[in-house]
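Q: Questions regarding the structure given below will be posed in turn.
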């Protein structure tokens, strides 16, 4: 196999020798096969300091790789003298190097990529009016109305001749020939006819061009805003659609964007498969039927998959063909605007799953159709092996190309401004960051894996530009990276030398749960390993925790609920009969796994549509292998809506989990202390924010008078109990019990305390159950009287601070009501510095170093310099 070794801009000594990959599974349907050989790799300190592999000389930059002109440039790179003097001060002191001492050997790498980033921004300022102006490419390319005409422009340097065709000229382009400028941009002005646009709204159009072999081909315009296919014809090609509705048909946004939440609680959803019926759902149906469910379950953010047009439905939206077009299966651009506006009216922010890591290899419908064998600088993609992802069967962008940067950056601005999205989840970031794309590679956390010749600096610079653009247009945008490698600095600001994301997905967490459920007996579950997986992250970079996403739900895999209960989900979920041990055990663990992942695994939380109530079955998109059936490409909402089925219990607990964070903001709290990992009894105890959590994973043992450590003295009560009757539990924990603390040792001297905590209280801990406790203020009665109506209403209308006997006596129809989640009304400790797990002996065996800028535990700091606590409420 021949492997292209040409590097356009990689900062390395000598030549990069790619690792050939053999016998790779081609996964055209989706991208899941990528992540499977990789582990999370996120660590807190460099395990090994390497030699300096990034001593970059100025001569490495190739002056001959870019063409300067007044309005356009074909490449990113600049000569050495272009801006070095101007940026030297800015790159000399890179803040991120002070956050992690393990990064210092890679100073030259950070200097190089920062210089590349600053040079590129300077070029935008010199030739395009700046980064934000550069990202308005959709006002120049594609179809745009001007006075008395429609202007169409397309970048296609490989074309020898070009014309625009469509319904408006009966697909004869002889009278609509286009002109090409010196930079490969074709353009035409089409005058209005009788005062009306020559191209009618919602009519079909295509770009026809002749390449150097003399063959004429038809392609969908690259910047098209809408594309459709004839649904009556099997495998019919898509057509571009000129979309410019009259004012009477154009959707106007009515509601402002909701403010940025303290911590995103994200509901990952796929509009097309959100219908109860076996068919493709519409944007408007999703807005009217599904958004209220999301709001009712106390999520504050919706993450929409498969919005960008993709000709192959079963790709889950990851093989994009038309980057500026909404997926026409679910409706029109105006319908999507209605959905987003409806979400905003409900206080829900909306993130878009954006795919800039690769593009569909479909030449008929997609961007790949513009590649007719030309060189990389005249194409959207790299040539040869570098331009093809062998596992995903897709094309890879040339991020060093000027027009590719214009296309992708403008694409981000288009979705933010035209559709009012509130941010993005970038798909496939690991593939972008490295030349090897993570294929057949396990990341161990060695910093050499992140900063070497294998790093694709072109892509890194693009991501820095992208995040700068997003946050300059919308400062409170939320941007999430899907990265399995754990690259340091990914979620630090660009000004500090990072790549600029707000969050990364904690992808190791679901992998660990699935591994345990598939391969370990419950007796072999390690509390240390579970805790290590959940806390193994850089606390200077935020993570989105989740127990399962769409990846765990597709055909060939199973959700957590399905792994635990399997066929009994079809026959054993009725409340009219006693739950079998499998169902009882399954529901209990679904609640525990989701809650532990949320409470300990990150600074945000994500759930995939349907998993909040334990949706059975896997997802299987219509395809040849299932006779093009939609039966398993839908969501069975009737299961959770049926009062006598146990699905409602998991849904109610999911709702209560989110409400708990809404009231206590524990996800946003930097205070996270694991005080006890009790391997023998299968119990984990930790504090997050103002709450104390007790998780008992033992399948049988109940522990009476189980002693748990805490910070502040006083009275504690149940805030949330997975074993409550309203959640399908057994009601073994008393919710009206006051738990008074006892002092433990000398305050501030950890070795004299109980599990490093200065106070303790005793609880009843039933098997396979988790309970969160909050501290009650001494003057709670007076505080309640002074609270606004909404707070008092929350206290009085929800069902938690009542006795278990009362819960047993509730009528069946009330079991769907949301249980009350208490509120300590104490915001103290929110400003405490992050602290490491205080069960030092146990966690040191694991190598855990948590809650530190450079990955070192702050337990010792806590012992030597105990914080001075303010006993007063911070109302």
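From the backbone N, Cα and C atoms, a Cβ is placed for every residue, glycine too.
The structure displayed is predicted, hence computed values, not measured ones.
Copying in the features that TrEMBL gives for the protein in this structure:
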type     : residues : note
ACT_SITE : 427      : active site, nucleophile
ACT_SITE : 482      : active site, proton donor
COMPBIAS : 849-859  : compositional bias 'Polar residues'
COMPBIAS : 862-875  : compositional bias 'Acidic residues'
DOMAIN   : 286-646  : domain 'Glycosyl hydrolase family 13 catalytic'
REGION   : 814-875  : region 'Disordered'
Q: Taking the Cβ of residue 482 (active site, proton donor) as centre, how many other Cβ atoms lie within 10 Å?
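A: Residue 482 (active site, proton donor) is surrounded by 23 other Cβ atoms within 10 Å.
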Q: With every protein chain in view, what's the tally of Cβ atoms within 10 Å of the Cβ of the residue listed as 'active site, nucleophile', excluding that atom itself?
A: 22
Q: Measuring Cα to Cα, tell me the gap between the residue listed as 'active site, nucleophile' and the residue listed as 'active site, proton donor' in whole angstrom.
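A: About 5 Å separates the two Cα atoms.
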Q: If you average per-residue pLDDT over the domain 'Glycosyl hydrolase family 13 catalytic' (286-646), what number do you get?
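A: A mean pLDDT of 96 is what the predicted model shows over the domain 'Glycosyl hydrolase family 13 catalytic' (286-646).
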